[in-house]
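Trainee: Below is one structure. I have some questions about it.
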Amino acid sequence: GGGAAAAMEDGEDLVSVDYEVSGKVQGVFFRKYTQGEAKRLGLVGWVQNTSHGTVQGQIQGPAARVQELQEWLRKIGSPQSRISRAEFSNEKKIKALEHKEFQIVK
């Protein structure tokens, strides 16, 4: 089937999940690649660098797409990144998306 719109019509659950990725993830365009991957999957949310060297944010969208981005954050990331750990928390079903797009937060 077609893109994100098709998934929504299937009545697929929308979920929200917070994430934090550790490793060599700052200064390697990790946020830019995360935003690109999220947009490709039709997801919304945000990503930012933290003061302690990790990248964190929130993902919202159809459950299956969110899981795809979780796998991407766990294993792939940006080309020069080295991911040591990706943690996910506060996973919950939502009735509607709380973000309009996927933003890089400074």
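Each residue, glycine too, has its Cβ placed from N, Cα and C.
Below are the features listed in TrEMBL for this protein:
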type: ACT_SITE; residues: ARG31; note: active site
type: ACT_SITE; residues: ASN49; note: active site
type: DOMAIN; residues: 16-106; note: domain 'Acylphosphatase-like'
Trainee: Which whole-number value in Å describes the distance between the Cα atoms of ARG31 (active site) and ASN49 (active site)?
Mentor: 8
Trainee: Which whole-number mean pLDDT does the model give the domain 'Acylphosphatase-like' (16-106)?
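Mentor: Taking every residue of the domain 'Acylphosphatase-like' (16-106) together, the mean pLDDT is 98.
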Trainee: Write out how many residues of the domain 'Acylphosphatase-like' (16-106) are helix, how many strand and how many coil, based on DSSP.
Mentor: 25 helix, 39 strand, 27 coil
